[in-house]
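Here's what TrEMBL has on this protein:
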type: DOMAIN; residues: 41-290; note: domain 'G-protein coupled receptors family 1 profile'
type: TRANSMEM; residues: 25-50; note: transmembrane segment
type: TRANSMEM; residues: 62-85; note: transmembrane segment
type: TRANSMEM; residues: 97-120; note: transmembrane segment
type: TRANSMEM; residues: 140-169; note: transmembrane segment
type: TRANSMEM; residues: 205-226; note: transmembrane segment
type: TRANSMEM; residues: 238-261; note: transmembrane segment
type: TRANSMEM; residues: 273-292; note: transmembrane segment
Amino acid sequence: MKMGNYSAVTEFFLVGLSKYPELQLLLFMLCLIMYVIILLGNSLLIVIIILDSRLHTPTYFFLGNLSFLDICYTSSSIPPMLIIFKSGRKSISFMGCALQMALSLGLGSTECVLLAMMAYDRYVAICNPLRYPIIMHRVLYVHMAAWSWIIGCLTSLLQTVMTMILPFCGNNVIDHITCEILALLKLVCSDISMNVFIMTVVSTVLLVIPLLLIFISYVFILSSILRINTAEGRKKAFSTCSAHLTVVILFYGSAIFMYMKPKSKDTNTSDEIIGLSYGVVTPMLNPIIYSLRNKEVKEAMKKVLSRHLNLLKS
C-alpha cells in the first residue's frame, strides 16, 4: 500500500464493543467488581503465603508469583477499560498504548512459562517425593521464576518495538477494548510479514511448547497417582494438581483462541469477549480456585484470619 503524506499517529481510539452502548454500564460494573475481587483475592493469597511458614515451599513461591503477576496484568488494562466504559473517553496516547501492550504481552508471556514451571514442580513432588527437597532447592526454583519473568519481558519488548516502529499512515481507530497487538497490526499500512513470523514463533515457543510439557508432566503425574495404594493418598495427590490443571485449561484455552486461531480482517465480538475472559475472568478465578481446591491454603487462611480477629478483639 502506498503510504502517501500521512500525519504521524499521536493517539489511538479504542472502539471495541462500541456497537453495544447499552452494555457499557453493565460492563463497567462487572469489570469493577471483578477487579476488586482480583486485587483482594490475590493480595490475600500473597499475604498468607508470606505469613504462614508452612507455605514457604517452591509450590507456593510459584503461586505467589502468579498472584503478583495477575495483579500487575489486570492493573495495566482494567483501569483504562473502566474509564472508557464510564466516561466514554476512548482515546489513549501513542506511548500509553505501547506501554499497555508491552505490559500485557510481557505478563501474559511470563504466565505461560510460569505455569509450565509449576507443572514441573508438581511432577517432581508427586513422581519423586523423596528427592523433591533436593531437586527443588531454593536456588533452582528462584531461578526458574526469575527466568519466567525475563523470558516474558524480552519477548514483549521485541514484539512491542517491532509493532510500534511500523507506519500507521493516519489509521488510529483500534477495534478492540485494549491496545491488543493483533488489533493494532490491522492498522499498519506496510508489510507485516516479519511481525507475523515473530508472533508465530513466539506463540509456538510460549504456548505450544509449555502446553506440551505440561501435558507430558501430567501423564507421568497421573501414572504415579494411580500407583498410590491408599485412597487418601490418591485424593491428596489429585487435590494438589487439580487447581493448577484448572488454571492451565482456563488460561491456555483463552490464549490459544486469541493468538493461534485463523485471523480475520475484522475483529469479531467473540474475540473481544474472549479477550475479557483472558484478561479479567481468569485472574479473578485463580485465587478462588487455589483456595477452594487446596487444603493447606484454606487452613493457612483460617489461621491468619483467626489471628487477626483475636488481635481486633483484644
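The first residue you see is number 1, and the count goes up from there.
For all residues, glycine too, the Cβ spot is worked out from N, Cα and C.
All TrEMBL annotations are machine predictions without curation.
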Non-local residues, at least 6 beyond the ends, that sit with Cβ under 8 Å of the transmembrane segment (62-85): 14, 24-25, 27-28, 31-32, 34-35, 38-39, 42-43, 45-46, 49-50, 92, 96, 99-100, 103-104, 107-108, 110-111, 114-115, 117-118, 121, 141, 144-145, 148-149, 177-178, 247, 279-280, 283, 286-287, 290
Model confidence over the domain 'G-protein coupled receptors family 1 profile' (41-290) (mean pLDDT, whole number): 85
Tertiary contacts of the transmembrane segment (205-226) (same chain, 6+ residues out, Cβ under 8 Å): 109, 112-113, 115-116, 119-120, 122-123, 126-127, 151, 155, 234, 237-238, 241, 245, 248, 252, 255-256, 259-260
